[in-house]
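Annotation comment: TrEMBL describes 24-44, 56-74, 80-100, 121-145, 157-175, 196-215, 227-248, 362-387, 436-457, 463-482 as transmembrane segment.
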Amino acid sequence: MDDGYKVLHETFVSGHTGTTAHEILWVSALLPLTLCLYGMVNVWRRPSHRAHFPTSVLELVLIGCPLLLSLTLFAEVTYYFGLILIAILVMGVVTLRSTLISRPWRLFLNERFSHDRFLPYLTNYRAGMLLTTAVCILAVDFPIFPRKFAKTESFGFGLMDIGVGSFVFVGGMFSPAAQKVTGSYFSRMQGVKKSLIQSLPLIALGLFRVVLVKGSGYHEHLTEYGVHWNFFLTLAVTKVLSSILFLIVPVDWSWRAALTLSLAHESALVVSYYDWVLENPPRYDLVNANREGIVSSPGYLAIHLAGVAWGRQFARLENKVQDHIGQLKTIVVWSLIMWSSLYYSCHELFRPTSRRFANWTYFNWMVACNLTLIGLFLLADIVILYFQDSKPKINRHKFKDSNRKATPPQTKVNQITDALKWIRVPLMNEAINYNALFYFLLANLFTGSINFIFQTIRTPTCPSLLILIAYVTILHFISVFLHSATVQIKM
């Protein structure tokens, strides 16, 4: 990469102050809205099976394209875009209520919520986070992507600032500590050993990225993590440190440990580390060269522990609709608490949010934002579940009689189970989750390749949009192909 262009590119992605927390939340909330729209379209269509190619195209149109447009062409009218989606959904609900016979609410509350090991709304949230991240890491290199959504330099709210925090939070939610019953000291020691082994691919990816970036002359943003530190090393460190911490702290104390650690981390930042990092001293040794990555690690560990605590909450839920509606109420309460804490902390007590430091206010923001979005995905899932097994009002008696005569009970259960899988969890989301880390790595490789082929910061609007659409489409079809071929690349 040309040295002059490299400097221009680094300047293009640096020095940003972000936008407001509520705008970031509104943009992020478009995904559960489009997911609900996709589910309602499938309830209305009532297809008998899922054909991969037509389904993939439909998902790109209803899920992928609205996300991409909201981050590029429609970024300045995101509020209106969201309101239009909400209006369409309200009309859809009214239409379905008038044309379908839904079961009584009391019966619905006692129905089985999920037939899968993982909850559909958590699967959708994880996939949505990965999809948004994949779009942003390339889109940020084009002028079509608003600078207010880029990563902030030191403090502030940027859409891309929630990426690493959400990865760490979700990593905690899906970690073995969150999913399993607490074992003996010996089993926890085995857990440390296992986490060390599982972290080796992340460390290898982190080191490979360092070598690749340094060797190719690719542009760098040193104040993000440091000279050698990167996203993969942060994931590895939080994974290993959390398993070591659980040797002395019970897993059931994860939430208390998260709050305590985040406040202790903030105290250490105030005493000395804010000044050390912000004064930008020379990067003359390994510690100084990577001070951002090192200083932020305790904060990200706290976010990981919060994810473990909430993962255990979801793992303990009974498999009934009413239990998940109860969980939705709990999520609403805790979201309000964390948003209130964030507002008060930012305005009265502490420094603004900082991904660079993973400080107390960033911890509040990550927990509040992730819980709110999970709550929205859960609400969308409940709406789809309520309508997905409804009968058409026209010829309902004939439909009911034919079902009673022709469909054996077990076959009917299997049909409902299959419908739950592909109406509530789109093929796109299944495929992304199936090879989650590989999907993210592939997105990074494509991003690097496109930046070498094109001078992205000088690309006009129309070519930029076409490149981004092609990028999202290729990523989508590769992930769907691997999923349909049952090729899982474990890393």
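Placed from the backbone N, Cα and C atoms, the Cβ positions cover glycine too.
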Contact ranking winner - 227-248, 362-387, 436-457 against the transmembrane segment (157-175), Cβ under 8 Å: 362-387
Cβ pairs under 8 Å between the transmembrane segment (436-457) and the transmembrane segment (24-44), at least three: no
The transmembrane segment (227-248) touching the transmembrane segment (463-482) per 3+ Cβ pairs under 8 Å rule: no
Contact between the transmembrane segment (56-74) and the transmembrane segment (121-145) (3 or more Cβ pairs under 8 Å, separation 6+): yes
Most Cβ pairs under 8 Å with the transmembrane segment (121-145), selected from 24-44, 80-100, 227-248, 362-387: 362-387
Recorded stretches the transmembrane segment (80-100) and the transmembrane segment (24-44) touching, at least 3 CB pairs under 8 Å: yes
